[in-house]
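Swiss-Prot lists 47 with the feature NADP(+) binding site. According to Swiss-Prot, the FMN binding site annotation covers 123, 124, 125, 283, 298, 299, 300, 301, 302, 326.
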């Protein structure tokens, strides 16, 4: 089982949804970066349950620093972080442990390994992403030294969406962080969609977009470690992610070359582009433009409606998520912080690689 991501700036996550704790080890972070437990609070609180449309499971997600820090600064050694699980209820899972959960990784894990932890989804649960968000905090602090900033936000829920990529600014970022849905979309419309989901006991997918400040470093390694390839690998590893695009993405198929190509211009003394259909990457390398992309998330499979399945002995039956279970009617809202973290982790890794690319 591969639990490590990254090359020079890497993370290894461990732990299960209903285990005593989860954790992550970050390797490759340069020494001298200021870091304290308080630095993790804003990002962890954005991923935590408690917002409308999220799971009622109550987890503080306090990050405990176990190693790699001395006198408030990174030492260059591995940084170990630990997050305790404090609100676990495994009974609803044990009651239907004789059958497979449709739409979940349980069947695939058991088929591959011959054994699986079914409680709360075990290792395949979205709970694992708390570790990624914690690691992403460190990556973001490192990138800030190079004036590279990333922001993710909910850009589509149901029929409510924003198609364009806004320009990154600290003011826009703060407006997203202050939003109960981490979104520039109409809050009343989102709240109504979530209310309808709760009333019908159903779930819904969505889209998370990400934007960055202009990246003047040449990040990305031809030909197999292009920036968009690394982002795709990172973002598609998030639970429930089903699609990724950069820039104009799949809409590029409907454009003529004369419409799609981004004209090169001089702006403020720098080579720039009049548009950014490419999403900030040419030849798999960043070119001084913002990186823009989107990730599509499926509806969560944990709904309070029966679905056909079979028992572990092969007998037809049904599975219904028990009333005592705690799940998100729209997991996309809490995926916002995970997308932001994974983009930061990719960029931090590529930035370290770029430091080795030329004299």
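Yeah, the Cβs are placed from backbone N, Cα and C, and that goes for glycine too.
Projection of Swiss-Prot feature records onto the structure.
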residue	record	contacts (Cβ under 8 Å, 6+ apart)
47	NADP(+) binding site	61, 129, 130, 133, 334, 337, 338
123	FMN binding site	1, 16, 17, 109, 117
125	FMN binding site	16, 17, 239
298	FMN binding site	205, 240, 242
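In this structure, residue 302 (FMN binding site) belongs to neither helix nor strand by DSSP; it is coil.
In the structure as shown, the Cβ atom of residue 302 (FMN binding site) sits within 10 Å of 24 other Cβ atoms.
Of all Cβ atoms in the protein chains displayed, 23 besides its own lie within 10 Å of the Cβ of residue 300 (FMN binding site). For the recorded site, the residue listed as 'NADP(+) binding site', the DSSP three-state label reads helix.
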